[in-house]
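*Asks:* Supplied in C-alpha cells, the structure appears directly below.
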Amino acid sequence: MFLSIGNVLKYLNATPDSRNFVEGERLLNASHLILCGIEEKCEANLNIFALCLQTSAISSPPHEISGIIKNSVENGMSVTSMSCTCKAGLGGTCKHIAAVLLYCTRLSLT
C-alpha cells in the first residue's frame, strides 16, 4: 500500500505550491535524503526513520527525521506524527519531513 500525495499535503497543511512541499521535493530530487526506511512495524503503525543532508552545511551531521505512518483498512495510509532535528522540525512540517513523506509516496510501505 502507498501513502498518497493527498494525505501528505493534508498532514503538512500544505498545497503543491507551499514552500515546505516545494523545497522538500527539491531535497528529494537532489538526493539529499540519504537513508529512509521502516524502523519497526507495530500492529497498524509503521515507525519510519530517515537521514537528510543539511543543505547549508553538507559536511555537518545529517538531520534525523522520524515518524509514524498508520495503515488502516478503512482510510489507507495516513501520517500520525513526524519530527526532525532541524530548527523548523519541531512543528512537524519542515522541508526535510516533506522530502521523507514524498519519498514514501513513491514506494510500497507494506
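Just so you know, glycine gets a Cβ as well, placed from its N, Cα and C.
Automatic prediction, not curation, is the source of TrEMBL annotations.
These came from TrEMBL, pasted as-is:
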type   : residues : note
DOMAIN : 69-105   : domain 'SWIM-type'
*Asks:* Summarise the domain 'SWIM-type' (69-105) as counts of helix, strand and coil residues per DSSP.
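*Replies:* The domain 'SWIM-type' (69-105) comes out at 16 helix, 13 strand, 8 coil.
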*Asks:* Considering every residue in the domain 'SWIM-type' (69-105), what is the mean pLDDT value?
*Replies:* 89
